[in-house]
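Here is what Swiss-Prot says about this protein:
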type	residues	note
ACT_SITE	D383	active site, proton acceptor
CARBOHYD	N225	N-linked glycosylation site
CARBOHYD	N422	N-linked glycosylation site
MOTIF	431-435	motif '(Q/R)XXRW'
TRANSMEM	91-111	transmembrane segment
TRANSMEM	441-461	transmembrane segment
TRANSMEM	485-505	transmembrane segment
TRANSMEM	537-557	transmembrane segment
Amino acid sequence: MFVLSTARCTETRANKPTNHRRAEPDLTTSPRLLSSLLFSSLLSPLSTPRTRPSYNANAPSPSRTPMITLQSITDAVGLGSARYGGFQWSVALGWIGLVWYSTVTTVCALGYYKLWKHCLRRPQSSYCATAQNAPHVTVIRPVKGLEPHLYDCLASSFRQEYPRGKLTVCLCVSSRSDPAYATLEKLVADFPHVDARIYVEEEDPLLQPDHKPMYNLGPNPKIRNMSRAYREAKGDIVWIADCNVWVGKGVCGRMVDKLCGLGSGSSTEYKFVHHLPVAVDVTGVIGVDERRALETSGAARVKDGKSACAPGVLAMGGGRLEELFLSSSHAKMYTAINTVLIAPCIVGKSNMFRRSHLDYLTTTASCQFNPGIDYFSDNICEDHLIGDLLWKNRVREEKEDGKHLGKHALVFGDLAFQPIANMSVQSYIARRVRWLRVRKFIVMLATLVEPGTESILCSLYGAWGVTTVLAEYFQNKILSTWTTFFTFFGFSILTWCLIDWTVYIMLHSGKTVERDENTPSFARPPQGTTRRRFSHWLAAWLGREILAFPIWFWAIWGGMTVTWRDRQFRIGLDTKAHEIGGNSRAGLLEEQASGRENENEATSLITTAVKRQTRGNR
């Protein structure tokens, strides 16, 4: 790794002192020197030394009195010392690392401030909750199999404080053989005053084999479930929320207020509004009947990989990792980016927009699909693409009427709670890999730099910057030591950890939730000071931070296939999803055939669990 030059050898006189030799550098105490020598070994073949070594035939043999000296990169490639106007790679990289560290910590600080400002108090009541002229809202809930607390999550849409007659709930499922179908029927029966309907993909007229011309919808199973509900939606405003999301009873009104610029807040209208997702691991909390139903239906199995074969940390620890990820690093970055609004940042758990806007932007002569969400049926990451399309393009009101519309808005204070149970570590990894592989062709730059926003790598960048840039600027040898490097790194990790702990406490405090007798346990304030003990939380935090880079590396360089909703897809460079193993219709028929064996038993268990859970809530 070092550039060696043999100096001209001279005989040492016996009467001359020999204690004036040049001291060799200590590589163990200087990160900057080690980096210089490292780059020297890499770049020296590409450059010409300043002087060529000369050999004197009359000189004594080198074996008699050799003197070996080390040259840094600046001497080797002729760039000179930075102190004298030259250039050093270590300092250049140090500047990059220091600027990056400062930028990331500033963004995290902004996100932390916004969470502290909005997540420790209950949001105000919405204007639309009592307004007779409130716009009509169509709620679309795509359902796939059983999820923990499925009844509670879906029922939260029926319990919204919104003018009666101005809210329609659409429950979408692929087939009547889906284990969740009994739950959907019970919901419709339990809320007869709500305009609600169950949409079955198998019964969609456009998707029937005898339909002329045949409507060749893309392979995205979520879009296929929602397609008919979207086409037949009442009114202009559409609210799409995943089936495993629970929201408070005043959320719909506040979303409409933000979208339409109503109420006491800002009068700016937006094209797209959404919520911050928060996961809660409810493993061990759900009832026995519900757990048996989940296991029978297969929802407790790992959805994105092989099933966990034994209970324990690996079999059940994925839920804690997911809970921690959405309640720490993700929450800070998501909130900060949606505060400065430099780019679209969306997670498709709970989104609201206007049909007229999306239809206008997706009506093209070359598209083979209907306008609206069907336009994205060839893609997996449809939620991000919908938001991205509304962000980058002007709608009719902006073009023709000159109306000013905001791009996106996060409804601060309201959270989209997602209960999860029996998630293995392998399932968590597969989930993160799937998300990264889908995103890497959609937002490539953001995906490539994502590891640098995590605590470990970002702290390494900062430590490198301090021990190179600041050491060079202040001419302080102490700052350039490995002791300073690891001291800064350790202090940064400790500070990062404590900040994430307080973020977790704020998000799980339950102070933003409008509680009543129907509020489930996972959305209520914890019985103790915090939802998890610090030691348990710290173990999950360390596990997630350590896994962050390996997961990213495998997702980016380990392939282009993902598994979603029990189907395998290959993500192309055009960001489209290509189903592996046949077309979507064949995959659907195969899925239906494999699920009919346990249909009767699962339906019976589900019905029993739902009835007991409903009686318990009441």
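Each residue, glycine too, has its Cβ placed from N, Cα and C.
DSSP assigns N422 (N-linked glycosylation site) to coil in the three-state reduction, placing it in neither a helix nor a strand. With respect to their backbone Cα atoms, D383 (active site, proton acceptor) and N422 (N-linked glycosylation site) stand 26 Å from each other. When the alpha carbons of N225 (N-linked glycosylation site) and N422 (N-linked glycosylation site) are compared, the span between them is 25 angstrom.
The average pLDDT for the motif '(Q/R)XXRW' (431-435) in the predicted structure is 91.
For N422 (N-linked glycosylation site), other Cβ atoms within 10 Å of its Cβ number 25.
Around the Cβ of N225 (N-linked glycosylation site), the number of neighbouring Cβ atoms within 10 Å comes to 26.
Its Cβ placed at the centre, the residue listed as 'active site, proton acceptor' has 21 other Cβ atoms within 10 Å.
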